[in-house]
Amino acid sequence: MADLSGFIAGLPKAELHVHIEGTFEPELMVALAARNKVSLPYADVDALRAAYSFGNLQDFLDLYYQGMNVLQQERDYYDLAMAYLRRAAGQNVLHAEIFFDPQGHTDRGIAFRTVIDGLWAAMKDAERAFGISTALILSFLRHLDEAAAERTLDEALPWRERFIGVGLDSSEKGHPPSKFQRVFARARSLGLKAVAHAGEEGPPAYVHEALDLLRVQRIDHGNRALEDAALVARLVREQMPLTVCPLSNLRLCVVDDMTRHPLRRMLQAGLVATVNSDDPAYFGGYVNENFTAVQRALGLSRDEIVTLAGNGFRAAFLDDAAKQRYLAALDSYVVAASA
Ligand code: ADE
Ligand code: ZN
(Lines of atoms letter the chains of each structure in order from A and count residues from 1; the text may use other names and numbers.)
(Lines give C-alpha, C1' and ligand atoms only; values in the text may rest on other atoms or scores of the structure.)
(Ligands and ions follow the chains in the order given, each with its own letter.)
Protein backbone atom coordinates (compact mmCIF):
# COMPACT_ATOMS: atom_id res chain seq x y z
CA MET A 1 0.00 0.00 0.00
CA ALA A 2 1.24 3.47 -0.88
CA ASP A 3 2.59 5.56 1.99
CA LEU A 4 0.55 8.75 1.86
CA SER A 5 1.97 10.38 5.00
CA GLY A 6 4.09 12.88 3.03
CA PHE A 7 1.16 13.69 0.76
CA ILE A 8 -1.08 14.19 3.81
CA ALA A 9 1.49 16.38 5.58
CA GLY A 10 1.62 18.87 2.71
CA LEU A 11 -2.08 18.78 1.93
CA PRO A 12 -3.94 22.07 2.57
CA LYS A 13 -6.49 21.29 5.30
CA ALA A 14 -9.22 22.79 7.46
CA GLU A 15 -9.77 21.75 11.08
CA LEU A 16 -13.40 22.04 12.19
CA HIS A 17 -13.46 20.06 15.41
CA VAL A 18 -10.81 20.89 17.98
CA HIS A 19 -11.35 21.91 21.61
CA ILE A 20 -8.73 24.46 22.59
CA GLU A 21 -8.66 22.98 26.09
CA GLY A 22 -7.94 19.61 24.47
CA THR A 23 -4.74 20.98 22.92
CA PHE A 24 -3.20 21.48 26.38
CA GLU A 25 0.02 19.47 26.06
CA PRO A 26 1.45 18.02 29.30
CA GLU A 27 4.65 20.07 28.93
CA LEU A 28 2.71 23.34 28.76
CA MET A 29 0.37 22.20 31.55
CA VAL A 30 3.31 21.52 33.88
CA ALA A 31 4.91 24.87 32.98
CA LEU A 32 1.71 26.85 33.56
CA ALA A 33 0.99 24.97 36.78
CA ALA A 34 4.39 26.14 38.06
CA ARG A 35 3.79 29.70 36.83
CA ASN A 36 0.40 29.82 38.56
CA LYS A 37 1.53 27.88 41.64
CA VAL A 38 -1.13 25.23 41.07
CA SER A 39 -0.26 21.71 42.18
CA LEU A 40 -0.94 18.84 39.79
CA PRO A 41 -1.56 15.34 41.13
CA TYR A 42 1.27 13.97 38.91
CA ALA A 43 5.01 13.89 39.54
CA ASP A 44 5.97 14.99 36.02
CA VAL A 45 5.06 15.15 32.34
CA ASP A 46 5.55 11.40 31.88
CA ALA A 47 3.22 10.58 34.77
CA LEU A 48 0.64 12.94 33.36
CA ARG A 49 0.85 11.40 29.91
CA ALA A 50 0.70 7.90 31.40
CA ALA A 51 -2.67 8.80 32.94
CA TYR A 52 -4.16 9.31 29.47
CA SER A 53 -5.82 5.93 29.16
CA PHE A 54 -9.58 6.08 28.83
CA GLY A 55 -12.36 3.49 28.82
CA ASN A 56 -14.99 5.94 27.64
CA LEU A 57 -15.79 9.63 27.13
CA GLN A 58 -16.38 10.34 30.82
CA ASP A 59 -12.95 8.96 31.84
CA PHE A 60 -11.41 11.47 29.47
CA LEU A 61 -13.64 14.38 30.51
CA ASP A 62 -12.65 13.92 34.16
CA LEU A 63 -8.99 14.54 33.24
CA TYR A 64 -9.83 17.23 30.71
CA TYR A 65 -11.65 19.34 33.31
CA GLN A 66 -8.89 18.73 35.84
CA GLY A 67 -6.30 19.96 33.32
CA MET A 68 -8.27 23.13 32.66
CA ASN A 69 -7.90 24.19 36.29
CA VAL A 70 -4.35 25.22 35.51
CA LEU A 71 -5.57 27.95 33.15
CA GLN A 72 -6.01 31.14 35.14
CA GLN A 73 -4.58 34.22 33.50
CA GLU A 74 -5.16 35.83 30.13
CA ARG A 75 -1.63 34.93 29.07
CA ASP A 76 -2.31 31.24 29.81
CA TYR A 77 -5.14 31.28 27.27
CA TYR A 78 -2.89 33.12 24.85
CA ASP A 79 -0.07 30.59 25.26
CA LEU A 80 -2.48 27.66 24.86
CA ALA A 81 -4.04 28.97 21.66
CA MET A 82 -0.74 30.15 20.20
CA ALA A 83 0.84 26.72 20.74
CA TYR A 84 -2.07 25.02 18.97
CA LEU A 85 -2.15 27.48 16.06
CA ARG A 86 1.61 27.27 15.52
CA ARG A 87 1.34 23.51 15.37
CA ALA A 88 -1.76 23.51 13.15
CA ALA A 89 -0.20 25.96 10.70
CA GLY A 90 2.93 23.76 10.67
CA GLN A 91 0.69 20.90 9.53
CA ASN A 92 -0.74 22.98 6.66
CA VAL A 93 -4.04 23.67 8.37
CA LEU A 94 -5.11 26.82 6.51
CA HIS A 95 -8.31 27.38 8.47
CA ALA A 96 -9.30 26.35 12.01
CA GLU A 97 -12.71 26.61 13.72
CA ILE A 98 -11.98 26.15 17.40
CA PHE A 99 -14.29 25.20 20.27
CA PHE A 100 -13.90 26.70 23.70
CA ASP A 101 -15.82 25.73 26.84
CA PRO A 102 -16.44 28.98 28.76
CA GLN A 103 -18.22 27.21 31.61
CA GLY A 104 -15.09 25.18 32.32
CA HIS A 105 -13.46 28.47 33.25
CA THR A 106 -16.17 30.82 34.50
CA ASP A 107 -17.45 28.17 36.93
CA ARG A 108 -14.01 28.35 38.59
CA GLY A 109 -14.20 32.12 38.94
CA ILE A 110 -12.23 33.05 35.81
CA ALA A 111 -13.81 36.04 34.04
CA PHE A 112 -15.20 35.38 30.55
CA ARG A 113 -13.15 38.40 29.43
CA THR A 114 -9.89 36.76 30.58
CA VAL A 115 -10.61 33.67 28.48
CA ILE A 116 -11.75 35.38 25.31
CA ASP A 117 -9.14 38.15 25.38
CA GLY A 118 -6.32 35.60 25.64
CA LEU A 119 -7.69 33.33 22.92
CA TRP A 120 -8.53 36.24 20.63
CA ALA A 121 -5.09 37.89 20.92
CA ALA A 122 -3.42 34.59 19.99
CA MET A 123 -5.77 34.09 17.05
CA LYS A 124 -5.01 37.52 15.63
CA ASP A 125 -1.24 37.14 16.18
CA ALA A 126 -1.27 33.68 14.59
CA GLU A 127 -3.24 34.93 11.60
CA ARG A 128 -0.56 37.57 11.02
CA ALA A 129 2.41 35.34 11.79
CA PHE A 130 1.36 32.11 10.06
CA GLY A 131 -1.34 33.12 7.57
CA ILE A 132 -3.85 30.70 9.15
CA SER A 133 -7.48 31.86 9.37
CA THR A 134 -9.37 31.15 12.57
CA ALA A 135 -12.82 31.29 14.16
CA LEU A 136 -14.20 30.47 17.61
CA ILE A 137 -17.25 28.39 18.50
CA LEU A 138 -18.67 28.77 22.01
CA SER A 139 -19.61 25.37 23.31
CA PHE A 140 -22.14 24.72 26.08
CA LEU A 141 -21.46 21.94 28.59
CA ARG A 142 -24.41 19.57 28.25
CA HIS A 143 -24.03 17.97 31.71
CA LEU A 144 -25.06 21.39 33.11
CA ASP A 145 -28.59 22.72 32.74
CA GLU A 146 -30.03 24.96 30.07
CA ALA A 147 -30.30 27.94 32.44
CA ALA A 148 -26.50 27.82 32.86
CA ALA A 149 -26.10 27.77 29.07
CA GLU A 150 -28.43 30.79 28.83
CA ARG A 151 -26.34 32.67 31.39
CA THR A 152 -23.18 31.78 29.47
CA LEU A 153 -24.66 33.12 26.26
CA ASP A 154 -25.67 36.35 28.07
CA GLU A 155 -22.19 36.71 29.45
CA ALA A 156 -20.66 36.20 26.01
CA LEU A 157 -22.81 38.73 24.17
CA PRO A 158 -20.51 41.74 24.71
CA TRP A 159 -18.03 39.74 22.58
CA ARG A 160 -20.60 38.59 20.03
CA GLU A 161 -18.31 39.53 17.12
CA ARG A 162 -15.55 37.22 18.36
CA PHE A 163 -17.36 33.91 17.94
CA ILE A 164 -19.21 32.57 14.94
CA GLY A 165 -21.40 29.93 16.48
CA VAL A 166 -22.44 27.77 19.39
CA GLY A 167 -21.79 24.10 20.04
CA LEU A 168 -22.73 21.40 22.53
CA ASP A 169 -20.19 19.10 24.17
CA SER A 170 -19.28 17.12 27.32
CA SER A 171 -21.08 13.99 28.60
CA GLU A 172 -23.47 12.94 25.85
CA LYS A 173 -25.45 10.03 27.31
CA GLY A 174 -28.45 11.22 29.29
CA HIS A 175 -28.08 14.78 28.01
CA PRO A 176 -30.01 14.92 24.73
CA PRO A 177 -29.96 17.92 22.43
CA SER A 178 -33.64 18.59 23.33
CA LYS A 179 -32.40 19.90 26.70
CA PHE A 180 -30.88 22.93 24.90
CA GLN A 181 -33.57 23.76 22.38
CA ARG A 182 -34.35 27.25 23.69
CA VAL A 183 -30.78 28.49 24.06
CA PHE A 184 -29.93 27.27 20.57
CA ALA A 185 -33.00 29.04 19.17
CA ARG A 186 -31.84 32.26 20.80
CA ALA A 187 -28.29 31.80 19.53
CA ARG A 188 -29.58 31.23 16.00
CA SER A 189 -31.77 34.33 16.25
CA LEU A 190 -28.57 36.26 17.00
CA GLY A 191 -27.11 35.05 13.71
CA LEU A 192 -24.87 32.45 15.27
CA LYS A 193 -24.13 29.15 13.54
CA ALA A 194 -25.10 25.96 15.36
CA VAL A 195 -23.27 22.66 15.71
CA ALA A 196 -23.56 19.86 18.28
CA HIS A 197 -21.71 16.73 19.32
CA ALA A 198 -24.12 13.91 18.57
CA GLY A 199 -23.83 10.18 17.98
CA GLU A 200 -20.38 9.91 19.58
CA GLU A 201 -21.65 7.73 22.46
CA GLY A 202 -25.28 8.78 22.25
CA PRO A 203 -27.89 7.04 20.07
CA PRO A 204 -28.97 8.01 16.53
CA ALA A 205 -32.03 9.69 18.11
CA TYR A 206 -29.68 12.39 19.44
CA VAL A 207 -28.51 13.10 15.88
CA HIS A 208 -32.15 13.46 14.81
CA GLU A 209 -32.73 15.86 17.71
CA ALA A 210 -29.66 17.93 16.87
CA LEU A 211 -31.02 18.34 13.33
CA ASP A 212 -34.70 18.86 14.16
CA LEU A 213 -34.54 20.72 17.47
CA LEU A 214 -31.20 22.53 17.44
CA ARG A 215 -31.16 23.00 13.63
CA VAL A 216 -27.44 22.43 13.49
CA GLN A 217 -25.37 23.02 10.37
CA ARG A 218 -22.84 20.31 11.20
CA ILE A 219 -22.82 17.21 13.38
CA ASP A 220 -19.72 16.71 15.51
CA HIS A 221 -18.73 13.02 15.34
CA GLY A 222 -21.99 11.40 14.16
CA ASN A 223 -20.53 7.87 14.17
CA ARG A 224 -23.66 6.22 15.52
CA ALA A 225 -25.81 7.72 12.75
CA LEU A 226 -24.69 4.69 10.74
CA GLU A 227 -26.98 2.51 12.88
CA ASP A 228 -30.02 4.21 11.33
CA ALA A 229 -30.38 3.84 7.55
CA ALA A 230 -33.10 6.50 7.28
CA LEU A 231 -30.90 8.94 9.18
CA VAL A 232 -27.95 8.22 6.88
CA ALA A 233 -30.20 8.86 3.87
CA ARG A 234 -31.28 12.15 5.38
CA LEU A 235 -27.71 13.26 6.19
CA VAL A 236 -26.72 12.45 2.61
CA ARG A 237 -29.75 14.21 1.15
CA GLU A 238 -29.07 17.33 3.22
CA GLN A 239 -25.30 17.04 2.65
CA MET A 240 -24.89 17.55 6.39
CA PRO A 241 -21.20 17.57 7.31
CA LEU A 242 -19.85 15.24 10.00
CA THR A 243 -16.70 16.30 11.83
CA VAL A 244 -15.12 12.89 12.40
CA CYS A 245 -12.18 12.42 14.81
CA PRO A 246 -10.49 9.04 14.25
CA LEU A 247 -7.85 9.04 17.04
CA SER A 248 -10.44 10.35 19.50
CA ASN A 249 -12.78 7.52 18.51
CA LEU A 250 -10.02 4.99 19.10
CA ARG A 251 -8.84 6.44 22.42
CA LEU A 252 -12.40 6.83 23.78
CA CYS A 253 -13.35 3.31 22.65
CA VAL A 254 -15.99 4.54 20.20
CA VAL A 255 -14.22 2.13 17.84
CA ASP A 256 -12.29 -0.87 19.16
CA ASP A 257 -9.72 -0.90 16.37
CA MET A 258 -8.82 1.67 13.71
CA THR A 259 -9.30 -0.98 11.01
CA ARG A 260 -12.98 -0.96 11.94
CA HIS A 261 -13.35 2.83 11.85
CA PRO A 262 -16.47 3.78 9.82
CA LEU A 263 -14.84 6.60 7.82
CA ARG A 264 -14.68 4.74 4.52
CA ARG A 265 -18.24 3.49 4.94
CA MET A 266 -19.28 7.10 5.56
CA LEU A 267 -17.66 8.23 2.30
CA GLN A 268 -19.11 5.31 0.38
CA ALA A 269 -22.58 6.17 1.68
CA GLY A 270 -22.18 9.71 0.32
CA LEU A 271 -21.80 11.41 3.71
CA VAL A 272 -19.82 14.66 3.92
CA ALA A 273 -17.18 13.40 6.34
CA THR A 274 -14.24 15.51 7.48
CA VAL A 275 -11.15 14.56 9.53
CA ASN A 276 -10.31 16.42 12.74
CA SER A 277 -8.31 16.06 15.95
CA ASP A 278 -10.85 16.79 18.77
CA ASP A 279 -8.42 16.82 21.76
CA PRO A 280 -5.02 16.20 20.20
CA ALA A 281 -2.96 16.56 23.38
CA TYR A 282 -4.95 13.72 24.96
CA PHE A 283 -5.48 11.43 21.97
CA GLY A 284 -2.00 11.17 20.47
CA GLY A 285 -2.15 13.34 17.41
CA TYR A 286 -3.07 16.48 15.52
CA VAL A 287 -4.85 16.58 12.20
CA ASN A 288 -2.05 14.99 10.14
CA GLU A 289 -1.73 12.08 12.56
CA ASN A 290 -5.50 11.58 12.37
CA PHE A 291 -5.43 11.47 8.57
CA THR A 292 -2.41 9.17 8.53
CA ALA A 293 -3.72 6.72 11.15
CA VAL A 294 -7.07 6.25 9.45
CA GLN A 295 -5.55 6.20 5.95
CA ARG A 296 -3.19 3.38 6.95
CA ALA A 297 -5.75 1.36 8.85
CA LEU A 298 -8.39 1.51 6.12
CA GLY A 299 -6.07 1.73 3.12
CA LEU A 300 -7.76 4.94 1.97
CA SER A 301 -6.79 6.07 -1.51
CA ARG A 302 -5.27 9.39 -2.41
CA ASP A 303 -8.61 10.40 -3.96
CA GLU A 304 -10.43 9.61 -0.73
CA ILE A 305 -7.92 11.71 1.22
CA VAL A 306 -8.44 14.61 -1.19
CA THR A 307 -12.23 14.27 -0.85
CA LEU A 308 -11.89 14.42 2.96
CA ALA A 309 -9.67 17.51 2.83
CA GLY A 310 -12.03 19.18 0.34
CA ASN A 311 -15.00 18.38 2.56
CA GLY A 312 -13.24 20.27 5.38
CA PHE A 313 -13.21 23.47 3.32
CA ARG A 314 -16.71 22.92 1.92
CA ALA A 315 -18.12 22.35 5.43
CA ALA A 316 -16.35 25.35 6.99
CA PHE A 317 -18.21 28.49 8.04
CA LEU A 318 -16.48 30.52 5.34
CA ASP A 319 -17.97 32.60 2.56
CA ASP A 320 -18.01 31.12 -0.93
CA ALA A 321 -15.05 33.17 -2.15
CA ALA A 322 -12.85 31.95 0.69
CA LYS A 323 -13.97 28.34 0.15
CA GLN A 324 -13.12 28.61 -3.56
CA ARG A 325 -9.69 30.02 -2.71
CA TYR A 326 -8.91 27.17 -0.36
CA LEU A 327 -10.28 24.55 -2.73
CA ALA A 328 -8.14 26.01 -5.52
CA ALA A 329 -5.07 25.72 -3.26
CA LEU A 330 -6.01 22.09 -2.64
CA ASP A 331 -6.39 21.47 -6.38
CA SER A 332 -3.02 23.03 -7.16
CA TYR A 333 -1.36 20.90 -4.49
CA VAL A 334 -2.89 17.71 -5.87
CA VAL A 335 -1.88 18.59 -9.44
CA ALA A 336 1.69 19.40 -8.38
CA ALA A 337 1.90 16.21 -6.29
CA SER A 338 0.76 14.09 -9.25
CA ALA A 339 3.30 15.64 -11.67
N1 ADE B 1 -15.19 17.86 25.06
C2 ADE B 1 -13.95 17.76 24.59
N3 ADE B 1 -13.84 16.71 23.78
C4 ADE B 1 -15.07 16.12 23.72
C5 ADE B 1 -15.62 15.01 23.05
N6 ADE B 1 -14.89 14.22 22.25
N7 ADE B 1 -16.91 14.71 23.25
C8 ADE B 1 -17.65 15.46 24.05
N9 ADE B 1 -17.19 16.53 24.72
C10 ADE B 1 -15.91 16.85 24.55
ZN1 ZN C 1 -15.27 17.14 20.45
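Each residue, glycine too, has its Cβ placed from N, Cα and C.
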Checking TrEMBL, the member of ASP107, ASP117, ASP125, ASP278 that binds Zn(2+) with HIS17, HIS19, HIS197 is ASP278
For HIS19 (Zn(2+) binding site), what is the secondary structure by DSSP, using just helix, strand and coil?
strand
Around the Cβ of HIS197 (Zn(2+) binding site), the count of other Cβ atoms that are within 10 Å:
29
Report the residues of the chain - excluding HIS17, HIS19, HIS197, ASP278 - with C-beta within 8 Å of the mean position of the site's C-beta atoms, for the recorded Zn(2+) site, in sequence order.
VAL18, GLY22, PHE99, ASP169, ASP220, HIS221, THR243, CYS245, SER248, ASN276, ASP279
Can you give me the average pLDDT across the domain 'Adenosine deaminase' (12-331), rounded to a whole number?
98
How many whole Å apart are the CA atoms of HIS19 (Zn(2+) binding site) and ASP279 (substrate binding site)?
6
